[in-house]
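Participant: Swiss-Prot lists Asp23, His24, Gly25, Lys26, Ser27, Thr28, Asn140, Lys141, Ile142, Asp143 with the feature GTP binding site. If you look up Swiss-Prot, you'll see 11-193 marked as domain 'tr-type G'.
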Amino acid sequence: MQIKKINNKQKRIRNFSIIAHVDHGKSTLADRILEITNTVEKRLMQKQFLDSMDLEKERGITIKLNAVQIIFNDKKGDEYIMHLIDTPGHVDFNYEVSRALAACEGVILVIDATQGIQAQTLTNFYLAIENNLLIIPVINKIDLPNADVNKVRREIKDTLGIEPENTILVSGKTGVGVTEILEKVVSNIPSPRGDINEPFQSLVFDSFFDPYKGVVSLIRVFSGKIQKGDQIRFMSNNEVYEVSEVGVYSPFQTPKPFLFVGEVGYLSASIKNIDKVRVGDTITNHKNPTKQRLPGYRKIQPVVFCGLYPITCSKYETLKSALEKLKLNDASLTFEPETSVALGLGFRIGFLGLLHMEIIQERISREFDIEAITTAPSVIYHVYTKKGTKILVDNPSKWPNTQIIERVEEPFIKATIICPQIYIGTVMTLSQSKRGQLKDISYLDKNIAMIIYFFPLSEIMYNYFDKLKSVTKGYASFEYEIDSYRSSSLQKMDILLNGEVIDALSIIIHKDFAYSRGKVICSKLIECIPKQMFEVPIQVAIGKRVIVRENIKSMRKDVISKCYGGDVSRKKKLLSKQKEGKKKMKNLGKVKLPQKAFLAILSTE
């Protein structure tokens, strides 16, 4: 293709993302765009088309960003190439959103007409501003009977500073207003910059492993062009490969002769070593390289950690391989090997939040058919010793001896809660029970309040969001960011079973909650652990001090059932013999902890 034709095509490219709070209708709107532009045949169309995982469809949420090329003819009859990137809405997947925005020039900000601006709406709005993207505000779900368009328009003006006449009214369900959005994309979002004559330069914004093609990278081309047979170089590690295929998603993988400046597509180079490809890396032409790398992405730090152990030891290598493949597809995931006395070999895994943790566990089970035991989630604590050294603790097993600790700091988050004004009291009661510190209350309008709280991250890990939804009848939205580390009265709490510490059940806890949590854990374990032939004590200890003890009663065989009357000394002898046997069993016996016991601990508060 001649350079002049490519330049003309480049002027007709539009790259944009759809961003919104979770459940505001992003994926449904994306479905209507695909349908109206005939990108997907009607016989193939299904709900949440771009959500490729079964898990996404079941939960009704987007977990992974997805890119698709659309051909749109505007009202003048001119043809435009659009690259739509659908993004997640949950706070745990903000990293996915930031990666998608780096490949775009504009965004469609979707706001639910029934719920208005919510916490993640604000986060995504500011994320788009940070990336200097043009924002097209859209009010969705206008077909619902409880839609309040005027109220939402006022919120948009007061909170985001966008004039009401600049918003587009849309129904992702019926398709009303969708063509108007696409016309706005054409007229308002600029075409991508870059020069076809410059050396090839592209950003890897996602990747996944294909069993036949090896590592497939999703790229945005910022200059030059790439085609099959070209030699490419990854600029972070200088690895060189030959391109075996390039193409776009429209919406399925469609090979093309080449990708040129401004396009969003995929690149395969028969890369089998997963470690060689990094999200955020710059790819260039090996023979005619670009001089500098693209900014890429800041490395994101995990905030929640847990241990993951295969139920059978033989699955350890399989679990390791599964985690490597998931990390390729999810750059925010971290893991390292660890060993537990109770559970054997496993991994310490870092996540961006509890939903992220839950999703990864589900994917390991479904996609790789691996059954695994999960330990209680933890965060990174800063432990300062009396000698002045600082120890980072992400696992209770690394907790130092109490005698050498001077102070402990834990991560606090800044949480934004948006809810109807009538629920402020119940939200504050719940938040204070989680050691929350109120910072500010403001009002988006006379009925909607925005509450700012500081929480210890460890406290919101246990059912806070579920309880928040419950006390506000589902109307509250919650979003958070890591704030700072603060001093806290924290202790390591051990669980002993028959006198032995079960290291996988140890947790770090605030001293004010140790006794109550210990009582709950003991009760749960009594329900889960089957009775033995001997009495099994369950103890909760802080250091060497036992603060809670419960016993699992032993099973009892009626050894005197065959004694009919006669001398009582015969019965005493049999009972004494049984007692000695049980004492010996207690000293030698081992109690096997079932998997449901670990799950029960996770469900406690």
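Cβ coordinates are placed from backbone N, Cα and C, and glycine is handled just like the others.
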Participant: In whole Å, could you give the widest CA to CA gap in the GTP site formed by Asp23, His24, Gly25, Lys26, Ser27, Thr28, Asn140, Lys141, Ile142, Asp143?
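Facilitator: In whole numbers, the farthest two Cα atoms are 17 Å apart.
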Participant: Return the residues near Ile142 (GTP binding site), defined as same-chain residues 6+ apart in sequence whose C-beta is under 8 angstroms from its C-beta, sorted by sequence, else 'none'.
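Facilitator: Those within reach of Ile142 (GTP binding site), by Cβ under 8 Å and sequence separation of 6 or more, are Ala113, Val149, Leu169, Val170, Ser171, Val176, Gly177.
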Participant: CB neighbours of Ser27 (GTP binding site) within 10 A?
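Facilitator: By my count, 26.
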Participant: Tell me, how many other CB atoms lie within 10 A of the CB of Gly25 (GTP binding site), whichever protein chain they belong to?
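Facilitator: The answer is 24.
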Participant: For Asn140 (GTP binding site), what is the tally of other C-beta atoms lying within 10 angstroms of its C-beta?
Facilitator: 27
Participant: Count the other Cβ atoms sitting within 10 Å of the Cβ of Asp23 (GTP binding site), across every protein chain shown.
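Facilitator: Asp23 (GTP binding site): 16 neighbouring Cβ atoms within 10 Å.
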Participant: Any idea what the model's mean pLDDT is for the domain 'tr-type G' (11-193)?
Facilitator: 81
